[in-house]
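**Q** First, the structure itself, so that you have it in front of you.
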Amino acid sequence: MSSKKLTTSAGAPVPNNQKSLTAGNRGPVLLQDYQLIEKLAHQNRERIPERVVHAKGWGALGTFTVTNDISKYTKARIFSEVGKQTKMLARFSTVAGELGAADAERDVRGFALKFYTEEGNWDVVGNNTPVFFVRDGYKFPDFIRTQKRHPKTNMRSAIAMWDFWSLTPESLHQVTILMSDRGIPKSPMHMNGYGSHTYSFWNNEGARYWVKFHFKTQQGHEFLTNEEASKVIGETRESYQEQLFGAIEDGKYPKWKVQVQIMLEEDATKTPYNPFDITRVWPHADYPLIEVGEMELNTNPENYFQYIENAAFSPSNIVPGIAFSPDKLLQARIFSYADAHRYRLGTHYEALPANAPVSEMNHYHKDGAMRFFENGSGVIDAYYEPNSFGGPVEDSSAQEPPMKIDGDITRYEDQDVIGDFKQPGDLFRMFNDEQKERLFSNIAAAMSGVPMEIVERQLKHFDAADPAYGAGVRKALGI
Ligand code: NDP
């Protein structure tokens, strides 16, 4: 028998939690049985809006440890000394699947990290791929629409996907990764993560560097073929949750090496690719990976909903020493991710335990849903700024150095020297024969039912990346 007393949410003891209050032995039930109404009403409110994308997720808490000194590039305190540890939260996800979707589906995986640093939360909201389907936030809602359900059939539509991709050649790099072995990792532990966007570092001297973040799995890359994935899904829809949760419960903590690529600020105008275009990578030969640290996931939260469903990651969460870049998709996500959380969780979503910083939080935002915390300033008369009552004030040391930008305002055609096909071709040429065969057959399977006109348009993109790429897909399609 528990010694803990069951109470109402207002803290009063509950005399009976088994039987409704009725007038007579056979009923009816009385409206005054408030605890009954409260139980039913709470159950009706147990779901919050599901994320429009990345609804199905798996995550854990962990630790980031610095293993190499990069403080010459950034003043971010998280990197200030070798051996320094920072608590963190990771959430992995599929993009298109809803909350109950099967885990082992072919899709890009979200790779979202929150580092609870002493100067506020730093979020890296990337994927398991270094690139993305579109380079401009203007196309984001349309692209996502092609991944979700058709308005009439209420089913996902291969026609919509290939129609959009074939009309958007910049997508080929990401499509190639999606259709390759890395399109169905065996578990979240068996994949890399990438910050994907270009960000900046800035140091104590006020110098800016462009930076890309890489998270390399220490469990090795493992993947499922389409056939293996069908079998897994037939047996369990929760294969990722089972593996990640199980590994951490068993003390087999998954790890990733954290690495960066660094580009001098002035080099951004010299590369044949636009270094701020998320459909491009920076080749390792030009910008080698520099070791930074290691990330380990070692704690399953006691309450999945509290830490993983309530987790709100946003690329807008940066800390002094880390800043944005002109990357057009990043610029859109800076707004849209935080806004998604305001809608999904409420105005003060950052006060929830999963999202609250470990550092002091002093701001002048007022009232609204979930305003359950004190006035941060601790000074009752300082509820606006500037004020004469000792309220929190700005800290100019957090001001990043000026970012050099020039150009006229217009809507630009983003074309660099290398174009949309070189890097997908480089990736294709890296695959061995078996990897290429699986790529061809995965694409052919995904194109099932797509009209020939759309298939032909897409085949031209494969040809442009590498003639052998187009030829292989044609053969797999039986053309
Ligand atoms: P490198 O040979 O130096 O690097 C190749 C990279 O490809 C490695 O990071 C490897 O990851 C990764 N890789 C291997 N198989 C796949 C796959 N199926 N899907 C996605 N990535 C894969 O070459 P470059 O830097 O010159 O890049 C060549 C191509 O490699 C690029 O066009 C790009 O498509 C891809 N790539 C490049 C990355 C970069 O940041 N430069 C990052 C990831 C991919 P790992 O080390 O984990 O095995």
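One-based numbering along the chain as shown.
Glycine too: its Cβ is placed from the backbone N, Cα and C atoms.
Note that the coordinates shown come from a computational prediction; the quantities given were computed from them, not determined experimentally.
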**Q** Out of 1-25, 126-150, which range is noted as region 'Disordered' by TrEMBL?
**A** 1-25
**Q** Against which stretches of its own chain does the region 'Disordered' (1-25) lie, if we need a Cβ under 8 Å and a gap of at least six residues from its ends?
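**A** Beyond its ends, the region 'Disordered' (1-25) has Cβ neighbours at 32-33, 35-36, 38, 42.
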**Q** Quick one: average pLDDT across the domain 'Catalase core' (7-393), no decimals.
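**A** Result for the domain 'Catalase core' (7-393): average pLDDT 96.
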**Q** So how many of the residues in the region 'Disordered' (1-25) end up helix, strand or coil by DSSP?
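**A** Its residues divide into 0 helix, 3 strand, 22 coil.
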**Q** I'm trying to understand the geometry here, so how far is the Cα atom of H54 (active site) from the Cα atom of N127 (active site), in Å to the nearest whole number?
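**A** With the alpha carbons as reference points, the distance is 11 Å.
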**Q** List every residue in the same chain as Y337 (heme binding site), at least 6 positions away in sequence, whose Cβ is under 8 Å from its Cβ.
**A** V125, F313, S314, P315, S316
